[in-house]
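Supplied in structure tokens, the structure appears directly below.
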Amino acid sequence: MDKQLRNSIFHQAKSWILEAGERIRENIDAPRSIETKSNPNDLVTEMDQQTEQFFAEKIKEDYPEHYLLGEEGFGDDIEALDGTVWIVDPIDGTMNFVHQKRNFAISIGIYHDGIGEIGLIYNVMEDVLYSAKRGEGAYKNRMELPTLNKERPLNQSILALNTTWMIPENPHIEHKGMQDLVKKIRSTRSYGSAALEFAFVAEGILDGYLTMTLMPWDFAAGAILVEEVGGVVTQANKQELDLLNKSTVLASRSPIHDEIIDDYVQLKKGKSDS
Ligand code: 2AM
Ligand code: CA
Ligand code: CA
Ligand code: CA
């Protein structure tokens, strides 16, 4: 994508994400109906739906030739990443939105022919926008984020990990390796919003984030941000990210990325990528 076009789409997307965030802040105390999706802890509210609808309408109006891949079903059914695709999570961290009224984000990753061009993650209640354009660095509001530290060893690292990794019955990764990893590192964190956890890796306040079975809208923007500051983002089996399917993803500084996968991540049989 040509730099000028990327710039103009960036400014449009930025103004929409700020507008959508403002609407959420204005309505944060409004009573809301909460529904469940795949399981009783998988929540969705009308605010998730309205926010995605807002982006769907804006994109259709201004960029009718672009596609939208969104969590709540207002986008297109796409089977390939040809052309320009907006990958949108209208509220990432819905459980935090419902229970805490904070610690959630709007996430937008814009890809052209499969290449990440623009990443935006908006921490709505803190009014902090993380943004990146391919080849032009990553920003926290107006501050450019520095390249990630390459020297700090794994035993001085903080990793975002979900505690479900530690449960022996988890279907994806051998828990013994995860226990060894937790013993090795300095500490763990778990924020409950994948998009924010990627943003924190890009900011350098987390050294890495290992996630279970995320959908493309959970990591589309975050991967662009982390890569712009020299971090590495792959599936847990080291394969390239898959932007059309569920994946287990590790985003981190290098070189601890390879160390974590080689020494601690053992995928269970038949679960090479999910
Ligand atoms: P969401 O809030 O947009 O659904 C919570 O640990 C993180 O995992 C959030 O980023 C959440 O995104 C994501 N997630 C992905 N699949 C999920 C599921 N089935 N149930 C709950 N959270 C899920
Ligand atoms: Ca959800
Ligand atoms: Ca999400
Ligand atoms: Ca969501």
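Including glycine, each Cβ sits where the backbone N, Cα and C put it.
Those TrEMBL annotations? Automatic predictions, nothing curated.
Dumping what TrEMBL says about this protein:
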BINDING   GLU71, ASP89, ILE91, ASP92, ASP218  Mg(2+) binding site
Using the Cβ centroid of GLU71, ASP89, ILE91, ASP92, ASP218 as the reference point for the Mg(2+) site, which residues of the same chain not in that list have Cβ within 8 Å?
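The answer, listed by sequence position, is ASP48, VAL88, PRO90, GLY93, THR94, ALA105, ILE106, SER107, ALA194, ALA195, MET215, TRP217.
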Just to confirm: which same-chain residues, 6+ apart in sequence, have a Cβ under 8 Å from the Cβ of ASP89 (Mg(2+) binding site)?
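Those within reach of ASP89 (Mg(2+) binding site), by Cβ under 8 Å and sequence separation of 6 or more, are GLY70, GLU71, ALA105, ILE106, SER107, ILE108, ALA195, TRP217, ASP218.
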Any of the binding-site residues ILE91, ASP92, ASP218 with a C-beta atom under 6 A from ligand 3? Give them in order, or none.
ASP92, ASP218
Counting Cβ neighbours within 10 Å across all chains shown, tell me which of the binding-site residues GLU71, ASP92 comes out on top.
ASP92
Counting only residues 6+ apart in the same chain, whose Cβ is under 8 Å from the Cβ of ILE91 (Mg(2+) binding site)?
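Expected: ILE24, THR45, MET47, ASP48, THR51, PHE97, PHE104, ALA105, ILE106.
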